[in-house]
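TrEMBL annotations:
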ACT_SITE  B:247  active site
ACT_SITE  B:320  active site, proton acceptor
BINDING   B:316, B:737, B:781  ATP binding site
BINDING   B:318  Mg(2+) 1 binding site
BINDING   B:341, B:476, B:784  substrate binding site
BINDING   B:342, B:504  Mg(2+) 2 binding site
DOMAIN    B:191-251  domain 'Phosphoribosylformylglycinamidine synthase linker'
DOMAIN    B:300-424  domain 'PurM-like N-terminal'
DOMAIN    B:439-586  domain 'PurM-like C-terminal'
DOMAIN    B:678-788  domain 'PurM-like N-terminal'
DOMAIN    B:823-970  domain 'PurM-like C-terminal'
């Protein structure tokens, strides 16, 4: 049987690679490779040989020019050593092959700033939204309730009942669309996958700290129209076991954490559609 | 040509950074500012075409969804005053570096030497304010003039001159390689002048030892062969000053102390370090026998203990007090990324798994005048918190445990403790990972950042008190991303066995790291001209001792060097071969062909005789407080909950990522609303295992006002009882001591030096006694001995402070216990006895007293009880547990109750008492800080099993958890002495620092 292979790109300030790879394995991938970006730029590893790409959390280039801006620039312009192509060529080929990409936190910022999300009409390199400084003006580490949009095309959130509970850890997580037309289109196509809400997962909220950053329309996650590209500010890889939960010593919780379903869905998708 | 790119937020977009500044101006300076907006400025000093500049501005520099860019035209409009703040020449500009790299990717061309990108920020202020107000805002909030420069323009001037003039903060030094020779054949007075003017921090005796060395005929003959004259070069003198600095050599801990106690008994102590700290570890290890778990203690950058068969744990805690006093942000940032290099440079190198931090500040709301040169405590608070936030978060290391401690005397110097733990495979390439060696012939390799004039004299400057003339050059800015890249590379190089030895480049720079490595193999030959520089114009001595950050020193075998450098290139890490290690017996430094230093390794490392230190203990007597007996202590409890040392630190803690790496088990905050303060942290460093690492600490500087012996005993006990509370095992736990003292050397400046030295002796005595009783080996530590401010008239000395940290293991992290009460009906137990020990408590401080009855630790009873409690935890019998410390039983009960969102009924008549029954009263039972106590809740069905497990120990059931959200405490006469709703208690506890 062909092995299902996930890749987590690291380097230049990515921090969540170990737990992201761990979540991929727990979710059902046969292999999860942590690849330093230099492994890709040297040509030692190629995206083509993988089925699922994780752009995970961290502080790429220290968020120096705004979160993920420098990496978005690097992805667009860096050449691969031994091949006559740029890294972006491999990435676009990966998307065209119908393979899923999950961007978490800094990875979500990267996807949005490159234009990979929401990527209307398959226009993958035009930025139409952004993630900017939290309204509270500070980095925040806290847990949030995320109301699921069951009508979204995302392959990652299939089977989520009402919502999931995950930590956010960011200073720049406020989702802003470039115009109201763009926001309307995100809403009309159900591309807003997860929204900050109260503990009952009923109504989206704009109130701090349930909505920790002041995101427009309380958006915490969006996907593209295919549902294969998704990004979210909360960290699904940080809640894969009940001991990750802040109240595991006082609540009856299942063994498995809420975040694992995203990786399980990715693994199932790859197994059923790509190998 | 130099060009300016300005990036402004679009008009309708909120500016959270500006809003925060506005809040701070209102909060701290009380000035009527209506609006603050900010603009980012990139000054590009490079040969780029207009098209390339526009591409950079529109691409990586600008987020066009919310921002707009302006090339060579000012973006600012609609303001009354504009302030632009940029870095001074030579100060690390992280954003500028990233901007430059982004442009290089865009154009495909590297920058030429001398080209660069420099960043600054504009603040646009609107409101009814004057130029003088803006000056105050700028120097009071926006700009630290030590490392930053600023321009203030009012709207009219700005319009008239069409923006802010271009300024390039480039270091313009002439190319020179000057080596001076210093004549030491001078008077003693002149010797001291040389030491003082050069910030060498060498004493007269030390200067005379150097003088004598350079009179030795054999030394002179050896020098002549190398082309050196009889006078030391500046390189040699600086190298010796670094190596012999208090910071590097720990002369006070190595000195000979003549100690006299209150009864006139005299004792000579040869080295506090050897007599107490090292002996503690040796004796504990002997006691543990084959259960000893220490692998490497004191000899490396950090201590190493066994975690299990497959993994070893590494831990180190450092301080960065003096730099944080001058530049809180840079000092603290450098503190955290600096201590990261310690575990990373231990053994063959460790992966970093968590940070800890403890800050000691003066009251941020202090509103009286301060001596000049001292920054206001709130600026220190804000800068330090932010520096550690950036250093920890950007490095991807969770900050899992810490404290904020307040005392007015920390205005003289704040204490900034930063700790980092790492994990490494027990063996790497078949060799124990905690061992390493250097072969003569191995190449001297420096990896990471470049060398500049930053951090010159850091080691020697922190060996003196802070004063008006403290050097600007000692301050620097850390760069977590350069370091992260280096670590990503080096951990792979480690696994491939590409180096033999690794160590940190910290205090003293290459002088210290290569000096120490030379001690390992017997010598070195290093060419400073091969070291990569940030800019030209550094003299050889500056290259040798610069503490420029993000560098590691390595010994690489010649056969591996090509693979090593090729891999470094791919990872974008700069590495340089500077020479080779030898067994010549000499620290041999060249600049090009010319020998600039030639010092016997033995003289550098063993040339110093021990200091002679008098110490005389006279116990202080404070006014015995007359505590007023009241009927109701609810108001006192609320005041205590709101006090700086007790109140919630959530506004700070939430700014630290405490969950990255995915192994968080007990987080800093817990309970029904995720806001109860945890006693200790538990993390799983290996994600497919449930073995956990537990880390905790104890610190109680107030007790030093009575007796540092008990301050220390309580700090060690507090660390262990926090550790035990969450479920840490007593079979695998080690300690780390960080002493921060005020200058204890008797001198004109310090007429009470013999008392302060006696305080240090007593602290060491307690450390030995308590650690022996608790089987706690000390695996590493650090001392910082000059925490004073003195400007010639005002002297502020910190209270002697010991931070005691513990690290150990929990066999199964799924059995960890948190401090929040769990459900109504659970039984409340108090483990341990309470005594008449209100001395130096938070309660007495609130009432304006110190007192004399400081808590004392009964280690034998406590240890036995901790062991029994641990068995109860492992058997799953404990629902919650909270340690009693600042504020005593009342504060612990309030915290556990409101964290768990359940009330509590407690009865003080049932609390076990030790000592004279006549002294027993409500106020002492509520607020005394007697050591070694835990407040535990147990489900009713586990009552029998829990009491059986605790059999033979002092403990008592004192009440019950209730559904009604109210804390009720009944006094010894049967009346209600505390009654308050949980919401009001929590509000009192959360309010104080909420908005900071």
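Cβ coordinates come from backbone N, Cα and C, glycine included.
Overlay of TrEMBL annotations on the structure.
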residue: B:247; record: active site; DSSP class: helix
residue: B:316; record: ATP binding site; DSSP class: strand
residue: B:341; record: substrate binding site; DSSP class: helix
residue: B:476; record: substrate binding site; DSSP class: coil
residue: B:504; record: Mg(2+) 2 binding site; DSSP class: strand
residue: B:781; record: ATP binding site; DSSP class: strand
(request) Pull out the recorded positions from the set B:247, B:342, B:476, B:504, B:784 whose C-alpha sits within 10 Å of the C-alpha of residue B:316 (ATP binding site). (result) B:342
(request) State the Cα to Cα distance, in Å, between residue B:476 (substrate binding site) and residue B:781 (ATP binding site), rounded to an integer. (result) 24
(request) Can you see whether DSSP assigns residue B:737 (ATP binding site) to helix, strand or coil? (result) strand
(request) Fill in the CA-CA distance, residue B:784 (substrate binding site) to the residue listed as 'active site', as an integer in Å. (result) 7
(message) Given the recorded positions B:247, B:318, B:320, B:342, find the one whose Cα is closest in space to the Cα of residue B:781 (ATP binding site).
(response) B:318
(request) Just give me the nearest neighbour of residue B:342 (Mg(2+) 2 binding site) among the recorded positions B:247, B:318, B:320, B:737, Cα to Cα. (result) B:318
(request) Return the maximum Cα to Cα distance in Å (whole number) over the record's ATP-binding residues: B:316, B:737, B:781. (result) 9
(request) Might you list, by sequence position, any residue in that chain lying six or more from the residue listed as 'active site, proton acceptor' with a Cβ less than 8 Å away from its Cβ? (result) B:331, B:332, B:334, B:335, B:338, B:416, B:418
(request) Under 8 Å Cβ to Cβ from residue B:504 (Mg(2+) 2 binding site), same chain, six or more residues apart: give me those in sequence order, or none if nothing qualifies. (result) B:301, B:338, B:341, B:342, B:344, B:345, B:513, B:552, B:553
(request) Name, in the order they occur in the sequence, the residues of the same chain whose CB lies under 8 A from the CB of residue B:737 (ATP binding site) and which sit 6 or more residues away. (result) B:277, B:767, B:778, B:781, B:802, B:803, B:804
(message) Given a 10 Å Cβ-Cβ cut-off, pick out the one of the binding-site residues B:318, B:342 that has the most other Cβ atoms nearby.
(response) B:342
(message) Just to verify a number: CA distance, residue B:247 (active site) to residue B:318 (Mg(2+) 1 binding site), in angstrom, no decimals.
(response) 11
(request) Give the sequence-ordered set of same-chain residues, not counting B:316, B:737, B:781, with Cβ within 8 Å of the centre of the Cβ atoms defining the ATP site. (result) B:303, B:317, B:736, B:738, B:778, B:779, B:780, B:782, B:805
(message) On average, what pLDDT score does this prediction assign to the domain 'PurM-like N-terminal' (B:678-788)?
(response) 97
(message) Need one number for the substrate-binding residues B:341, B:476, B:784: the maximum pairwise CA distance in Å, whole number please.
(response) 19
